[in-house]
Amino acid sequence: MAVPFFFLYLLLLLLSVLSSPFSSAAPSDTLSEGPSLSIENTNDVLISQGGIFSAGFFPVGDNAYCFTIWFTEPFCDNNCSVIWMANRDQPVNGKKSKLSLLHSGDLLLIDAGRSIVWATNTAPSQFSIKLHLHDNGNLFLYEKEGGRVLWQSFDHPTDTLLPQQPLTKDRQLVSSRSRSNYSSGFYKLYFDSDNVLRLRYDSPETSSIYWPNTWLLTWDGRRSTFNSSRIAFFDSLGNFTSSDDFTFTSPDYGMRVQRILKIDCDGNLRLYSRENVRNKWIVSWQAMSQPCRIHGICGPNSMCNYVPSSGRRCSCLPGYKAKDYSDWSLGCEPELNRSCSGDEISYLKLSNVEFFGYEYGFFPNYTTQMCEDLC
């Protein structure tokens with residue numbers, strides 16, 4: 001009996017959908033060897049089994065994309081909650097770029113010019129390899145036979161930790177440059193050589209630690225230097241533990257909500273909890289209660305004031321102007337050209353001001369005249 005043409009067409013269409021590793025009808029959480037994720041195909045996205053996380057190409061600028069993991073949110077567009085980026089400092093072109101899993105087991109991000117922008121540098125394996133996005137937000141390469149993990153995103157954080165994701169002595173969190181610029185910024189969370197977890201401001205001009213308070217002795221800050229394991233993590237209930245004895249518990253401890261620990265572009269380390277009703281991230285803990293104590297937050301030659309109603313406010317010292325009002329971390333520059341004549345230099349006394357984070361020297365018990373003579 002002849003098969004009706006319409007039935008045959010439907011059968012072929014169904015088979016093509018089922019054979020496609022990425023279709024809008026049935027998104028996959030796994031990429032096998034050979035296929036690629038194409039930047040031009042919007043369906044080329046990995047979605048974890050429970051639909052919690054997505055991984056794919058994320059726009060970070062004009063015709064600029066990064067391979068990214070984010071919380072799966074409907075219609076989030078460019079405002080998705082990003083938790084990891086492979087190539088934050090080298091975005092790829094919006095045409096012909098792709099993520100490929102080679103038969104050798106290496107995962108490559110290739111730009112339009114066929115150049116390798118990012119790679120896992122995985123050692124060759126005799127078994128078949130798969131890339132999998134887990135419901136805990138971890139993206140990992142594993143051997144199909146035995147399940148041995150060869151590489152995982154949890155070992156290479158950007159600015160965010162997820163529950164049970166460890167921060168170790170060989171890793172650090174690095175802030176973004178700004179809310180809209182995802183490239184590496186100036187703030188870092190890391191374990192120092194004395195085994196203490198610290199926040200550091202690290203710009204091209206200066207570098208300084210601002211948390212915990214540097215004028216406190218380690219034990220006065222309730223930290224220990226004796227445990228050299230250097231590991232920190234938090235759990236899904238909201239409890240944070242570090243090997244230097246620093247701990248904290250979220251005020252909403254015990255609630256089954258989504259949580260992230262993030263070093264923000266303003267240099268503050270914050271624990272966020274997802275409010276399911278309004279679908280918003282709420283700050284449940286932060287390292288710095290006084291934002292003006294964060295080094296470099298307003299840049300050189302500037303002042304930081306805290307206004308309870310509006311938060312931190314940056315302004316320039318008298319005689320200076322902001323280099324870029326959209327990015328205060330660049331600081332301020334003289335409004336007029338500097339004079340090389342000492343006779344044309346005047347001094348201004350600023351009361352109740354601390355030159356924090358940019359000291360060229362600290363001289364106690366100096367008079368105004370002594371400071372002028374020194375300058």
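FYI, residue positions are counted from 1 along the chain as it appears here.
The backbone N, Cα and C atoms fix where each Cβ goes, glycine too.
As written in TrEMBL, here are the features:
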- 1-19: signal peptide (SIGNAL)
- 22-154: domain 'Bulb-type lectin' (DOMAIN)
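The average pLDDT the prediction assigns to the domain 'Bulb-type lectin' (22-154) is 91. DSSP places the residues of the domain 'Bulb-type lectin' (22-154) in helix, strand and coil in these numbers: 5 helix, 58 strand, 70 coil.
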